[in-house]
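> Questions regarding the structure given below will be posed in turn.
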Amino acid sequence: MATKQKEVTTFDVQVAEFIRNHKQKGTATDDEINASLVIPFTLDADGIEDLLQRIQDAGISITDNEGNPSARVLSNEEEPELSDEDLIGSTSAKVNDPVRMYLKEIGVVPLLTNEEEKELALAVEAGDIEAKQRLAEANLRLVVSIAKRYVGRGMQFLDLIQEGNMGLMKAVDKFDYSKGFKFSTYATWWIRQAITRAIADQARTIRIPVHMVETINKLVREQRNLLQELGQDPTPEQIAERMDMTPDKVREILKIAQEPVSLETPIGEEDDSHLGDFIEDEVIENPVDYTTRIVLREQLDEILDTLTDREENVLRLRFGLDDGKMRTLEDVGKVFNVTRERIRQIEAKALRKLRQPSRSKPLRDFIED
């Protein structure tokens, strides 16, 4: 187990370093992946598939040496089956008016037959702008179908669709029908890459290192697999066993993966309140305490004003009433150039005066509270 743990850790470190080195460029070639990871760690087919998924989840596009989508990735690409449900309420995304209007608008565009798709692709290669627009519009619902998979990752549904549409336009520009892939399969790759990269770059308010993002994505995948296998949410111990790490490490990753909640999140059925309205500000003083303190200070100043100037100043210095710093009898004696015993006598006399009911009555409410 220890040896296996070490091997897994070494592999994860290398994957994290590979992702870190390719994150800014946003792409990695098949040859680079083979040389750095597949061959050194002798990965089998399942290992390669998992590796490619981790790299793509980090927002890195996998290409051939010419910059086109990797044939290995395209062959494994799961093409969504489109239906009218993609344009109505089957998504867990909150469908508000702008989303509903957009879905209604693209729903009237008919899907293309294989022959129409081929004709349009050839026309696009020939520079036909109208064909380019028609090919893109006919696949807008494909973007919606893919975007639905990424709801809840930190970006609004419409933003996911917008990023996916940008990927769709790249697919239209770069598609080569002679390679033998359907346009929808080719476009799925570009759409998914555009969305996953946008999520990695934009979604989180609190920035998480790239290597941790891909670790979180792997954990989430294993969590979902275990949920399907067990029929219930897996425990950290079960996830840890599957991922060859400690339960404490799993808990740490789950904690990091938590999404921050906006203080502007609406609360209540009418959305007239926000989460921030119910969270106490521990830095700003409570309004009640602030008001009480101000009134107490005013009352205390009025009472001290009934003493002689020397008595008042002695009490202010002794108890730090002005600056919060209490002073010894000796310190106060130096200020007035008298002995500490004389200061003690002045203090005692002043306190006796303050205990008189006529003076102490205004402060009793504060003392009782």
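Cβ atoms here come from the backbone N, Cα and C positions, even for glycine.
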> Among 55-58, 159-162, 303-306, 319-322, indicate the range for which Swiss-Prot gives the feature motif 'Interaction with polymerase core subunit RpoC'.
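That would be 159-162, the stretch labelled motif 'Interaction with polymerase core subunit RpoC' in Swiss-Prot.
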> Per DSSP, how many helix, strand and coil residues does the DNA-binding region (329-348) have?
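Reading the DSSP string over the DNA-binding region (329-348) gives 17 helix, 0 strand, 3 coil.
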